[in-house]
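The structure appears below as structure tokens.
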Amino acid sequence: MKKVVVGLSGGVDSSVAAASLKEKGYEVIGLTLWLMQGKGQCCSDGLVDAAQLCEDLDIPHHVVDSRDLFSNNIIDYLVEGYQQGITPLPCSQCNKTVKFGPMLNYARHELDTDTIATGHYARIAYSEKEKRYQLLRAVDRNKDQSYFLYDLDQDLLSGTVFPLGDHTKTETRRMATQLDLHTAEKPESQDLCLIEAHGSMQTFLDQYIETHPGEIVDQEGNILGHHQGVHHFTIGQRRGIGVAAPHPLYVVDLDPGKNRVIVGDRETALKTECMVKRVNWVSIAPPQNPIHAEVQVRYRSKPTGVTIIPLDAEAPGGRVKLVFEDPQFGIAPGQAAVWYDQEILLGGGIIEAFS
């Protein structure tokens, strides 16, 4: 009987992943990472629901105290990023350094198996042509989470199973009801676990970053207003700027050195290219020449045509230049740019600078 360790957050998706694998005859072991204290999908409430699920399914449940790991890799990462005037993407960082990597390591060394599973909506397939594991979009494009998984390497992909990748969210809910899981009607998490625990990103950051009032200026340096901290803003932001103007204003740049927020019209926030660092080529080997693909510069952004120009062929950690077919709005350094060939996730990296 194949043994698999299932990451359990206490939500309906991971619950169905565990239950469905057991239905298929797998020896299932539940594993919950204790990431932080307080309310939230991956916090104390989730631990209780995960424990209840394992009792209902009659499977072992392991809890790993990952609070220090989460603090060092995610909280520090976020705080340092916002202090530098960038907008970090914690989910992809968390998936690789806090969740998948440590989970697979724990499974191999403590539970004698080399297979883990989660409730993510994505798919993995091995390509004989490329001689590597490929990451694919989920069947349910509205729930597809492959964007947040672009940084997983071949070792992690080879040991991971996504039971929900071929299902829609509606089907998952139906399966939860049919399996009589107590999480079947549990509301879906709407925000980052940090936001759920603290109410807002601003509230969370204010615990770690001292507020320093500064100026809100236009691109000519004219003072239009004042702010209470650069870390309260992100590029592309329109609401909550606090400046009255005859036309809509957007945050187009942040200057933490001068403690300034620069605003302008929407056209100013449109960019034709950007640089990407810490590139991870997932489904193909790092190309030597420019390639064409479709890219997402935000999780919910519409994919757009792009030319990817390698600047450093070595992976991971290489750099590329992205040249967009259509100008992109609100590109924020620190966020991820992820490129696809139809449903195949080719690679991705961290947006570094734009022009």
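Backbone N, Cα and C atoms are what each Cβ position is placed from, and that goes for glycine too.
Now, the feature entries from Swiss-Prot:
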BINDING   G7, L8, S9, G10, G11, V12, D13, S14, L33, G119  ATP binding site
ACT_SITE  C94  active site, nucleophile
SITE      H120  site 'Interaction with tRNA'
ACT_SITE  C193  active site, cysteine persulfide intermediate
SITE      Q335  site 'Interaction with tRNA'
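Among the recorded positions S9, L33, C94, C193, the residue whose Cα lies closest in space to that of H120 (site 'Interaction with tRNA') is S9. Taken over all pairs of the listed ATP-binding residues (G7, L8, S9, G10, G11, V12, D13, S14, L33, G119), the Cα spread reaches a maximum of 16 Å, rounded to the nearest whole number. In this structure the C-alpha atoms belonging to G11 (ATP binding site) and the residue listed as 'active site, cysteine persulfide intermediate' are separated by 12 Å. Of all Cβ atoms in the shown protein chains, 26 besides its own fall within 10 Å of the Cβ of D13 (ATP binding site). Comparing C193 (active site, cysteine persulfide intermediate) with D13 (ATP binding site), their Cα atoms are 16 Å apart once rounded. When the C-alpha distances from Q335 (site 'Interaction with tRNA') to the recorded positions S9, D13, L33, C94 are tabulated, the minimum falls on C94.
For C94 (active site, nucleophile), applying a Cβ distance below 8 Å and a minimum sequence separation of six or more within one chain yields F70, N73, I74.
Take the recorded positions L33, C193: by the count of other Cβ atoms within 10 Å of each Cβ, the lowest one is C193.
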